[in-house]
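Asker: Take this structure first; my questions come after.
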Amino acid sequence: MAPTSAAALLTAAAAALMVMAALQLLAAAAPPRAPIGLPTNCSTTCGNVTVPYPFGLGPSRCYWPGLNLFCDRSLRPPRLLLGDNGTLRVTEISIQKATMRVMSTGSIINATGDFVSDGWNASFDRSFTEYGYMLATGLNEVVVFGCNVAAMLLADGTGEESPPGIIGGCASFCTKTDSDGKFSIATGDVTGMSSRQCTGTSGCCRSLVTVASPPREVQAKRLYSGSDTVEEELPVNVFVAEKGWIDQLDDMSVRADEVKEVPFVLQWSVTQGLWQQGELGLCADDIRRKLCKSKNSKCTTAPHTTKGYTCVCDRGYQGNPYLVGGCQDIDECKLPREESFCFGECINTIGSHYCRCPHGTYGIPVLDGGCDKINSTADALLPTVAPTPLGLPNCSTATCGGVRVPYPFGISPGCYRPGFNLTCNTTYNPPRLLLDSNGTLQVVDIFLHNSTVRAIHHTRIVPDGFTSEANGTMKAASFQFPDIGESYMLSSRNEFIFFGIGVQATLYGKKYRNDSGNSNITGCVSTSTSIPLKYGHCSGSDACCHAPIFAGSTPKKMEFKVLMDNIFGYNMPLAFISEEGLTAQWWDIIMSRPPAFFMNDSATPRYFSSPLVLQWAVKQGFPVPADNTGQCPVDVQRDLCKSEHSDCRHENGGYTCHCHTGYDGNPYITDGCQDIDECKITTTKCFGVCKNLRGNFKCRCKLGTFGNPSKPHGCVSLSTALSKFIQKNKVGLSAASGPVLLLLILGIMLVPRKIEQHRLKVLKQKYFKQNRGQLLQQLMSQKADIAERMIIPYDELAKATNNFDKARELGGGGHGTVYKGILSNLHVVAIKKSNITVQKEIDEFINEIIDPQVTEEGDEEFPEVAALAASCVSLRSEERPTMRHVEHTLEGLRGSTKYKKDDMVPAEFENDSNVINSASSAKEDQRFEESSRRYSLEQEMR
C-alpha cells in the first residue's frame with residue numbers, strides 16, 4: 001500500500017473515532033430516559049394505553065400485589081381491563097395524580113320498560129374496591145334521567161366502623177303542559193340528552209361526588225305526582241360518570257338508554273404488603289424506602305383514608321417515583337407560560353426554574369406585563385480635550401451587554417482590582433453583567449463620580465421559607481439577599497416596600513456591617529381607607545407602605561404581624577427592597593392584578609426583579625484608618641489615584657478616587673482625568689464668548705458689548721444701553737446735554753473695568769493670605785535679601801515664564817505644573833503653578849513649595865525654620881507645635897547663629913548651663929523675642 005493511502009486511511013479512522021467520541025459525549029450528556037415499568041421483561045403497554053409500575057401485566061413480578069391488569073389482545077385494538085377478568089376498560093393511568101380513568105358499560109340503573117317497580121338498587125363490583133380503588137372526589141358526578149325520579153349514590157365508610165353514607169344524588173322532574181285543561185308531561189324532555197336542560201326540572205339532573213370513598217350501590221325511586229300516569233312509562237337511567245361527560249354529549253341525539261360506555265375516574269393507592277400506620281400524612285420511613293424507590297420523591301397516605309399509600313415526585317420533577325431513577329427534572333421553560341407562571345425570561349434548573357424580568361426591565365415576571373422598563377442613569381460622557389481611558393491598557397473587554405465596565409472593575413484576569421471582578425454571561429442575548437457568583441445581581445450601571453453600582457436583584461419568595469404562629473397572626477421569612485462581598489454595601493438610596501392590608505411588616509438584620517446580631521432595620525404598617533384602592537404614594541393607607549433603610553445594613557429576615565382579617569394577612573406577604581422613588585411603578589404593577597395573584601397556589605414561587613443601589617470602595621490592599629475624617633493617607637493617594645488631576649477620599653468603609661472639578665474620566669488610571677471642554681457642553685451657562693481653560697472656562701461678552709455673559713441677553717451694545725437709559729430716564733437730547741452724555745458713555749465703559757480690576761486685586765489678596773504669605777513675610781523679616789528673592793509678585797512670575805507659556809513647561813507635579821522662568825536679574829528658576837482648588841491639596845502644595853526653596857536659598861539655619869513653618873501650617877492639630885515650642889525653637893536658632901558669628905563653638909557650652917551675653921546681644925534677644933511672641937500669638941489665633 002502506498003504511504004499516501006495509508007495516511008489517508010489513518011486520517012479517516014481518526015476522524016471516525018472523533019465522531020464516535022463526540023456522539024458518546026452527547027449521549028452521556030443527555031439525561032437518562034425515565035423508566036416506566038420494571039426492567040425484567042415486563043410489558044408496559046396495551047393498545048395505546050401505557051401501563052406504569054406499580055401496575056403491570058402478566059407475571060406477578062411485573063406489578064405490585066393487587067394492582068394487576070389484564071390486556072385483552074383478542075380485540076383490535078387490544079383493551080386494557082381492570083383485574084384479570086374485569087369489565088371496566090382502562091383508558092388512562094396517572095402516577096402523579098394517583099388516578100385511573102375507566103369506561104363502564106351503559107348506565108348503572110336502566111329501568112326502561114319497567115313500569116311496575118317503585119325503585120331500583122344496583123351494586124358496584126366489589127372486585128376493584130378491595131384493592132384500594134375509590135371514586136375520585138370532585139372528578140365524578142351522578143347523572144339521572146327520568147321524570148319525578150330521585151337517585152342516591154351510597155359508599156362504604158373509609159374507617160374501621162364507618163357506616164355507609166350518601167356521597168351524591170339528585171331529583172329529576174319533567175315539565176308539564178296544559179292541554180284541554182289537563183296537565184301532561186313534555187316527553188321531548190327525555191328523548192334526547194342535552195346538558196343545557198340537565199337542571200333538575202327538564203327530565204335530567206346532575207350532582208357532584210364530593211367524597212372519595214369506595215362506591216357501594218346506587219338507589220333510585222319514583223316520586224309520584226298522582227296527576228299523570230305517562231311518567232310511569234318513561235325510562236329511568238342513572239349514571240356515575242366523569243365530570244363533564246354529559247357536556248360532551250350535548251350535540252348528540254341519543255337516548256339515555258342507548259349509551260354504550262360511560263367514563264368515570266377512580267382514585268387508587270397501594271394497600272397490599274404494607275402495614276397500616278393508622279394516621280394521615282407522610283409515610284413512615286420504612287414504608288417510604290420500600291415503596292418509593294426514586295430519589296426526589298416522597299410517600300403519603302392515600303387521601304381521605306388511612307388504608308393505602310402513594311408516591312409522588314417532588315415539585316420540579318416528574319416520572320415514576322416507584323422505580324429507581326424514575327423522577328426526572330421538569331423543564332418548566334418548555335411549558336406554556338400559564339403553567340410555568342413565567343412571562344419573563346425563564347431559566348431551567350435541576351428541580352426548579354428561575355423567572356426573571358427581561359434585560360433592561362424590573363418588576364414581577366410571573367405576571368403577564370409585570371415587568372417595567374428601567375431608566376438608565378449611567379454617567380454621561382462629557383466632552384474632554386483628550387480621550388478618557390476606560391480600562392487598563394491591555395484589557396480589551398470594557399463593556400458587557402451595553403454596560404460600560406471602568407477600572408477598578410473588570411472582567412478578565414489582571415484587569416480589575418481585588419474585589420471588583422465581574423462576570424459577563426454571554427449565554428444571554430444580550431449578555432448580562434453579573435456581580436455575584438450565583439447570578440442574582442445583574443449590574444446595569446457603574447458610577448465613578450459617586451462610587452455606586454446600580455443592579456437588578458433577581459430573587460423569589462416561596463411558601464417553604466415561611467414560619468407562622470399557631471393562631472396565624474405572625475409570619476416570618478428569611479430574606480434572600482446575596483453575599484455582595486467586602487467591597488460593596490447597600491446604599492441609603494434604597495427602601496423597604498410592603499403591600500398588604502392591616503399588616504405590620506418589619507425587616508431584621510445587621511443594621512451596620514460589623515454588627516454581630518439581628519436588629520430592627522426598618523418597618524412600616526400598611527392598611528386601606530378606601531375601596532376601590534387608589535395610589536397614595538405608598539403612605540400606608542393605600543395598601544402599601546415604604547420605609548428607608550440604613551446604608552451598609554444587611555437584611556436577613558422579614559416578619560409580618562396581622563392586625564386585621566384580610567387576604568394579605570393569611571397568605572404570602574409581598575415585601576422586598578428596591579431603589580427609592582419607584583413606589584408608583586410598583587403599585588401599578590402589583591395592585592392592578594386580580595386578587596387571585598395574592599391567593600395563588602402555595603406551590604407557585606413568587607419571583608421579583610427589583611433595582612438596587614450599592615455603594616462601593618477599594619478596601620483590599622490598604623489599611624483602613626480608625627477615624628472617618630474623609631482624608632486618605634499619602635501612600636493610598638499615590639498608589640490608588642493614578643491620574644494627576646484627582647484626589648482620594650475615605651468613604652464607604654474604604655477609599656475612592658475622584659477627578660478634580662473641571663476634569664472628567666477615570667481617576668484610577670494614569671491620565672484618566674482629562675480637562676472638560678465646558679464650551680462644548682450645551683448646559684454651560686455662557687451666552688457670550690466661551691474660552692476653555694484647564695479645569696475651568698471663561699465666559700466674556702462679545703467685542704463691542706458688555707454686561708453679564710452668564711445670562712441670556714446679558715451682553716448688550718453701548719448704543720442699546722444708552723437707548724434704554726434715555727427711554728427710562730427721559731433724557732432730552734440737546735446741545736447742553738452733550739457733555740453729560742459723553743461722561744455717561746465714559747462711565748459706562750470705565751466702571752466695569754474698574755470693578756474687574758478691584759475683583760482681581762481682592763482675589764490676589766485672598767490667595768496671598770490663603771497661601772500663608774503673611775507667615776512667609778514674618779519668617780523672612782530679619783533677612784531682607786532673602787525676602788526679596790523669596791516673595792516675588794505674580795506679574796513678575798508671569799513675565800519670567802512668558803505668561804506661563806506652554807513651551808516653558810518642564811513637567812507636572814502632584815498638584816501643579818512646573819515652568820522654566822528667567823527673572824529680571826537673569827537668574828534661571830523653576831516656578832511651580834498650582835492648578836488645584838481643593839483646600840487639602842492647597843496645603844500640600846504649599847508644603848511642597850516652601851521646604852525645598854527655603855532649604856536652597858537660606859543659610860544653614862533656614863531648613864529648620866522651613867520645617868517649623870511647615871509644621872505650623874499643618875491641618876492636623878496634633879502635628880502643629882504649641883506657641884511655647886515655637887518660641888523655644890526660634891530662640892535656639894537665634895543663639896546658634898550668634899555663636900557662629902562670634903567664632904564661638906557650641907561645644908564649649910555643653911556643660912555650662914549659665915551663658916552671659918553682652919548688652920547688645922541682650923537687646924537683640926529682646927527684639928527677637930518680641931517678634932517671636934507676636935508670630936506665635938498670631939499663629940495660635942488662626
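Just so it is clear, glycine is given a Cβ too, placed from its N, Cα and C backbone atoms.
Found this in TrEMBL, in case it helps:
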SIGNAL    1-29  signal peptide
DOMAIN    282-328  domain 'EGF-like'
DOMAIN    329-372  domain 'EGF-like calcium-binding'
DOMAIN    332-372  domain 'EGF-like'
DOMAIN    628-674  domain 'EGF-like calcium-binding'
DOMAIN    631-674  domain 'EGF-like'
DOMAIN    675-716  domain 'EGF-like calcium-binding'
DOMAIN    678-716  domain 'EGF-like'
BINDING   K833  ATP binding site
REGION    904-942  region 'Disordered'
COMPBIAS  912-921  compositional bias 'Polar residues'
COMPBIAS  922-942  compositional bias 'Basic and acidic residues'
Asker: Including all protein chains shown, what's the count of other C-beta atoms within 10 A of the C-beta of K833 (ATP binding site)?
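Answerer: For K833 (ATP binding site), the count of other Cβ atoms within 10 Å is 17.
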Asker: Determine how many residues of the domain 'EGF-like' (678-716) DSSP places in helix, in strand and in coil.
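Answerer: When I sort the residues of the domain 'EGF-like' (678-716) into the three classes, I find 3 helix, 15 strand, 21 coil.
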Asker: Within the domain 'EGF-like calcium-binding' (628-674), how many residues are helix, strand or coil going by DSSP?
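Answerer: Final tally across the stretch: 7 helix, 17 strand, 23 coil.
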Asker: What are the DSSP helix/strand/coil residue counts across the domain 'EGF-like' (332-372)?
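Answerer: Tallied per class, the domain 'EGF-like' (332-372) gives 7 helix, 15 strand, 19 coil.
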Asker: Please work out the mean pLDDT for the residues of the domain 'EGF-like calcium-binding' (329-372).
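Answerer: Across the domain 'EGF-like calcium-binding' (329-372), the average pLDDT comes out at 88.
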